[in-house]
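Listed in Swiss-Prot:
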CARBOHYD  Asn33  N-linked glycosylation site
CARBOHYD  Asn73  N-linked glycosylation site
CARBOHYD  Asn97  N-linked glycosylation site
SIGNAL    1-21  signal peptide
Amino acid sequence: MQDFAFAALSIWLCLGATALAESHGPQHCTSPNMTGVLTVMALTGGEIKATGHYSYDSTDKKLRFTESEMHLNKTEHLEDYLMLFEEGVFYDIDMKNQSCKKMSLHSHAHALELPAGAAHQVELFLGSDTVQEENIKVNIWMGSVAETKGQYSVLTTVGECLPLSTFYSTDSITLLFSNSEVVTEVKAPEMFTLPSFCEAVELEETPKGQKNDFFNIFNTV
């Protein structure tokens with residue numbers, strides 16, 4: 001399943017790129033602070049798993065995702081996550097009921113930052129290489145997440161290192177993360193402040209054999 005998914009991704013990238021630029025093996029880059037909209041799609045079945053606004057602090061490695069109220073095709077509460085990658089924990093927040101779960105985060109890898117072990121594959125143009133206003137120059141990176149045995153491919157802009165999309169696949173899941181309406185700043189720093197009803201919450205024990213990471217969290221919504 002993983003091999004097929006990555007082969008399909010390669011074909012999609014080739015069809016989407018109208019001109020190939022010479023690659024000089026760029027150095028690993030770091031995303032800026034960002035505010036934007038993140039959409040998560042399961043490629044098996046085409047289901048939109050979640051879509052909503054996020055804030056990402058690239059310095060302190062903090063991410064807040066709040067699901068859009070437009071995505072109401074499910075009976076559960078709207079997803080609201082605060083992920084503290086440096087601390088290795090995340091909070092599942094229910095603002096409506098003022099409840100909170102605190103759980104371990106077993107991997108630092110996520111779709112809004114190029115993972116540390118990402119290997120550069122190619123630099124190319126999306127759009128037209130002759131009309132400057134109609135193209136975007138991007139890098140494609142690939143790698144794997146040791147903690148989850150998943151593989152990923154990340155599309156970042158050349159220069160700012162904005163992650164436009166991330167493809168992630170394991171033997172059991174295949175997800176596409178799309179990043180849009182990006183502003184390179186954190187507009188509301190208070191989004192990273194833990195709600196008062198979460199402050200005294202104890203860390204829940206992770207079931208044996210389970211790994212909590214950014215990708216699996218969105219797969220289960």
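Every residue gets a Cβ built from N, Cα and C, even glycine.
Between the CA atoms of Asn97 (N-linked glycosylation site) and Asn33 (N-linked glycosylation site) there is a gap of 30 Å, rounded to the nearest whole number. Comparing Cβ neighbour counts within 10 Å across the glycosylation sites Asn33, Asn97, the minimum falls on Asn97. Secondary structure at Asn33 (N-linked glycosylation site), as computed by DSSP, is coil.
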